[in-house]
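A.B. asks: After the structure tokens below, expect a handful of questions from me.
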């Protein structure tokens, strides 16, 4: 699933390519991709004639503000891709939504697993009232509110493994399996450590590691282990420099011990028993 760095990479690409271009129409090939409004016709009527002022990111959500004061929301979920293409490009078999722009360009939503969603929120409506998941999000790791005190308060009363807690979007918005593993390695904390057992100094290290790992991945254009592509169809490069994620059985880059993998809360967790305690 695309996580914060991948979504941020897409956001930056969209801001470079799509702003202030008139939307001339669209085509919805899979109706359930449109979460709101209920009518696909209303969705297409809403976007047509409008233009995008800016793309924003909240956690793993993409939100486009428009010149009509409306919002276009997108969540990539597991396999979603937003690609900027010429309208005459052959359709990928997993194309779900096409948004046409002037100059024969289009924003194409491709989604193999079909869990991705799009929303059109008309002007005058609160975006959180329609995209209800936004109200449940924690603060962003790049927000000034993401302090050591904030993270400590979120973690200390939870009797569950630290890795599981970090995947909870009400604890840290945008963090997922890849970067939780990477941040825990960088901070020296084992993924199965209970939140109640994590010391304040470890939380300080963890907060710093989360920010550093996310920044490094954004600079690398995100991570591509399966489906992620940026808006130009290019893979992310963070996987080549990952410390532990997807490296089970390989030597630790710090101590040389073997990277291990366990299942924790139904998700794979990668770590080094020597570097993490």
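Cβ atoms here come from the backbone N, Cα and C positions, even for glycine.
Pulled these from Swiss-Prot:
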- 2: active site, schiff-base intermediate with DNA (ACT_SITE)
- 3: active site, proton donor (ACT_SITE)
- 60: active site, proton donor (ACT_SITE)
- 267: active site, proton donor (ACT_SITE)
- 94, 113, 158: DNA binding site (BINDING)
- 243-277: zinc finger (ZN_FING)
A.B. asks: Which ones, of the recorded positions 94, 113, 158, 267, have a Cα no more than 10 Å from the Cα of residue 3 (active site, proton donor)?
C.D. replies: none
A.B. asks: Report, as numbers and ranges, every residue of the chain located at least six residues beyond the zinc finger (243-277) whose Cβ falls under 8 Å of a Cβ in that stretch; write 'none' if there are none.
C.D. replies: 160-161, 163-164, 167, 177-178, 181-182, 184-186, 188-192, 223, 225
A.B. asks: Of all the active-site residues given, namely 2, 60, 267, which is spatially nearest to residue 94 (DNA binding site) at the Cα level?
C.D. replies: 2
A.B. asks: Enumerate same-chain residues with a sequence separation of six or more from the residue listed as 'active site, schiff-base intermediate with DNA' and a Cβ-Cβ distance below 8 A; give 'none' if the list is empty.
C.D. replies: 10, 60, 76, 80, 222, 228
A.B. asks: Three states by DSSP: which one describes the residue listed as 'active site, schiff-base intermediate with DNA'?
C.D. replies: coil
A.B. asks: Fewest other CB within 10 angstroms, which one of the recorded positions 60, 94?
C.D. replies: 94
A.B. asks: Could you give the number of helix, strand and coil residues in the zinc finger (243-277) as assigned by DSSP?
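C.D. replies: So the zinc finger (243-277) is made up of 0 helix, 12 strand, 23 coil.
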